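The next block holds one structure in the form of structure tokens; read it before the comments.
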Amino acid sequence: MNAMLPESIRYARSYLFTPATDPRKFLKGIELGADVVVLDLEDSVALTNKINARKNLINFFSTKKPFITAVRINNIRTIEGLVDLQFLTALKFIPDIIFLPKINHAEEINIVRDLLKPHHRTQPAIMSIIESTKAVVNLIKIAKVSDGIIFGSLDFSVDCDLEPTWDSLRTVRTRMIIAAGNANIACIDTAYFDVNDKQGLIAECMKLRQLGFRAKAAIHTSQIETINQIFIPTDAEIKHATQVLNAYANEVGGIEVLDNQMIGPPFVLRARKILKRASFRKKNDYCL
């Protein structure tokens, strides 16, 4: 795990994935409010277009960008993934975040870090994509060496031969929240794939908030605003958190009463987390 992970990455809410075949979409995603836009070399790029996509990224990363940059490479257990790793070592400026798909073991992440370390003074954050039963079995170890974990629900569903519904995937999501909390890293949910179903996206995001998620992937710019609005503390939450801290300001341990509710140290810790996330509610705060 990168101990110096910028808070702008730690508190990002929306991750828009877009093909690296057209880097102009990166800037469009930033303009439309995505906290992180991920230039994809994997599933959204056909095999015949991989080379051109890498060439686009060489040009894109020839200068340092004033915002968070991210790339999803191919599975490192494949030839395309190995080519991607070699390509990353040759970039003038390394992306701020690298997404590693199909990760099964913690050792794979360590290998990537060891390969990149000699080539760049600044090391990228590593986000491991959880897409298999092996990854879930090894989740605690994977989380400990990652800077974040993100759910890949479709590949996981295929691996388990199950229907990708909220109920069927809830257990995995809960395990991811626990593993991320144990490692103190970001936990990002999978994309919502029906881009025309805004109400469905809203409903899923609200459930995710209750489960402990604070970020979600997006596959269309129309999803950004909804995700950003839901994964940020509400005015009511901010007000209550402030009241909790004010009520507890002069106490050293013990219990206080606020609006007929007993509050103690756990309430204070939660209030501090809420206010910390709220401090990043302005879009400009997500620039490095």
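Cβ atoms here come from the backbone N, Cα and C positions, even for glycine.
Copied from TrEMBL, the annotated features are:
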type: DOMAIN; residues: 13-220; note: domain 'HpcH/HpaI aldolase/citrate lyase'
type: BINDING; residues: ARG72, GLU131; note: substrate binding site
type: BINDING; residues: GLU131, ASP155; note: Mg(2+) binding site
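Sequence features annotated in TrEMBL and their locations in the structure.
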{"residue": "ARG72", "record": "substrate binding site", "DSSP class": "strand"}
{"residue": "GLU131", "record": "substrate binding site", "DSSP class": "coil"}
{"residue": "ASP155", "record": "Mg(2+) binding site", "DSSP class": "helix"}
>> Can you work out the mean pLDDT of the predicted model over the domain 'HpcH/HpaI aldolase/citrate lyase' (13-220)?
In response: 95
>> Rank the binding-site residues GLU131, ASP155 by how many other Cβ atoms lie within 10 Å of each Cβ and give me the one with the fewest.
In response: ASP155
> Once the chains shown are all counted, how many other Cβ atoms turn up within 10 Å of the Cβ of ARG72 (substrate binding site)?
Replying inline: 25
> What's the CA-CA gap between ARG72 (substrate binding site) and ASP155 (Mg(2+) binding site) in angstrom, rounded?
Replying inline: 15
> Whole-number Å distance between the CA of ASP155 (Mg(2+) binding site) and the CA of GLU131 (substrate binding site)?
Replying inline: 5
